[in-house]
């Protein structure tokens, strides 16, 4: 039936006032109006919000502030098809649902199709039988079928098993689809069908998809389980194909051909050749070119290039300072390093088959760097690193080395002659003209290159084995040496001319000149050493200051931590004192209340005696019969008073049944004897009371009106004689809400919520009558429990929040209601505030701003305060004992029931007993087995 053919029943939506959020189909609006629905212009006036976009701000406001149901347009269409208003819980458009955005295809699931379909649609997803582009998930039990093969070709379609849906619903969170791939499912197949599977494998191996994994390869990760190639839709497979797909077994065939084929079971696992080649390219690029990167840094090369050039070009005479000479040596060292680096690079590119020579050059060069730096101060006036020249000369051919040695011998001979001339000039001043002539003659000889040098240059040019870079390097070093010698000779010539011009005036200063130069150099060296020491001292001082600052900061942090710890300890002490004071006040209040109740009971008893004088004889007989029972109770009282005076009991010390017994779920109330009291409305309704008894008996328990034989007392309030007597006798006092909880869990557990225990004021009292309460952050059963607690305390509950509300109960400090409450200055408290009021702590009404009521994100916000209920929980310290005979008889009864059901299943369920027509409250209890909801319904109907 299409949407155009839908016929809306008359007055189907007569009680619906809808508000549309966003853009929806106008046919949906027409269906609502055809069913007498009314559209409103403001969301606060509506009863239903119709929306497609769950993230719209108006949707959150309607749900959070006004507590209105938000449904999708499909709710309207399906309600029309069903002819009745459907529940709104399964039609929420909000994005926080488990299967929001999931469109699942469910083929080959005839048995579980309805259940899985309901799970997905109820939690926000869509289902369909056709496999098309809208599908996001394919749900199949086994890795086979035409739809499965088609889904493998699309990365955007996720393939899962039905267990993925069930586990996601249990956890209330969408599970990872990769963990539920059907290929990960292990199953057995008959061995004799292996030949058919081999034929099918050989026929499919030429297709567009690969075979399945072998048992050895099935254990690998399922991350690459799909092919990335696009493909169109496939026609449905025939019956023969489905039969052949069922007949396969890859667990026994272990041939090498099969294993080789199954290693690459999908194209996604085969590594393409392109990336593999690219990963090998960096290894090819690593050769001998990067060897120069390992050369150690040059000492002294941190200065700017201009300063190094100036230092290299300056003269190296006797009066040059040590710093200039050091710069000159460093510049020459740098030029040698650059030349050697160029030699290494060219050698690597020209001779790739001889990397050992290059490595030897670099190793010798790096090893000699330290010696060059240490020898700089002792180089004399030449400033040339001799060790560097020797290392470079070792790389030359033998003939070139001999010529260089001859040249160095000539230069050293010239230097010795110059020194002898200086000494002669100092000792014999009259021989100055002859010395000048000899010096001038040597200078001319130096300016004119000797034939040996010319011949050496020609020989160097004729060597075929000598690299051009080393030849250039030697020429540069020789020119620099000659240039420095030339400058020295010019300076010496000028000095000799001055001495010759003024021999008498300069003679006293002529003798100590050279020692003064050495002294100046020594002084400069001392100054440099002092400067370095001063710098080191400054660095040490800075480090000490930083360490002191760090120590001070650490001390300050430690002091702050100690102060915070002290403050926390003080706060804890204050809180403990406040709790002790509250406990004392509560105990005093309970004593006063019990005394007041006893006085009231005595007065009522006296009035009854005065009004019923004719019944005195019967009352006396009744009292005589009760004397033995009272005597027994008095003997038990000392033991009970000891248990009541014990300290508060924690939940870890409470028991249900004995831990060693294995009790079946069908009879989990075995050994429990219930007495029902203080439920006047339910006691008056005989039909409701019979339902309670029948449900208890069906789960293994019994109901008895005598209090002395019972183990559990179902009561609503603590203000009654029956409750006081049961408390003295050590009975377990619980409410019908606790019974409803254990019926759901199928296990008798101690009370762990406030509603599981009777409240501490009479049923007619209303301690919170002045409050209008709203709730935020609580959902499902927690929200229903808070509604019932507010009703029991006499407060008015509203699903929305407005300025007239007096209290907002929050689960966490967030949300739209919380922000509005802060803006309107409405007190925001946790659920413990309402729990304390129900359990007798009426001081919470005045202490609504107390710090313990503003602590949110509690692990169990509806749990009772153990300081207020320790007397109620003392009976749960002793587990309920079950005799082996009772447990054996229970198991025998359960087996007989199962046998009867299996032998002759009844076509129609027989009636257990003749009962009148059930009312609405009984109908709810029969289907939901929820005592708390029935209680709430009865009270609301009475009010």
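Cβ coordinates come from backbone N, Cα and C, glycine included.
What Swiss-Prot lists as domain 'BRCT 1' is 8-93.
Marked as domain 'BRCT 2' by Swiss-Prot on the basis of sequence analysis: 94-182. Residue counts for the domain 'BRCT 2' (94-182) under DSSP, split into helix (H, G, I), strand (E, B) and coil, are 32 helix, 12 strand, 45 coil.
The region 'Disordered' feature in Swiss-Prot is assigned to 190-281 (among others).
Here Swiss-Prot flags 198-214 as compositional bias 'Basic and acidic residues'.
What Swiss-Prot records for 220-230 (among others) is compositional bias 'Low complexity'.
The region 'Disordered' feature in Swiss-Prot is assigned to 400-507 (among others).
The compositional bias 'Low complexity' feature in Swiss-Prot is assigned to 620-635 (among others).
What Swiss-Prot lists as region 'Disordered' is 620-641 (among others).
Swiss-Prot lists 664-756 with the feature domain 'BRCT 3'.
The annotation motif 'Nuclear localization signal' is assigned in Swiss-Prot to 730-747 on the grounds of sequence analysis.
The domain 'BRCT 4' annotation in Swiss-Prot covers 763-851 and rests on sequence analysis. Predicted-model confidence for the domain 'BRCT 4' (763-851) is 91, expressed as mean pLDDT.
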Is the domain 'BRCT 4' (763-851) in contact with the domain 'BRCT 3' (664-756), using at least 3 Cβ pairs under 8 Å (sequence separation of 6 or more) as the test? yes
With helix taken as DSSP H, G or I, strand as E or B and everything else coil, how many residues of the domain 'BRCT 3' (664-756) land in each class? 42 helix, 13 strand, 38 coil
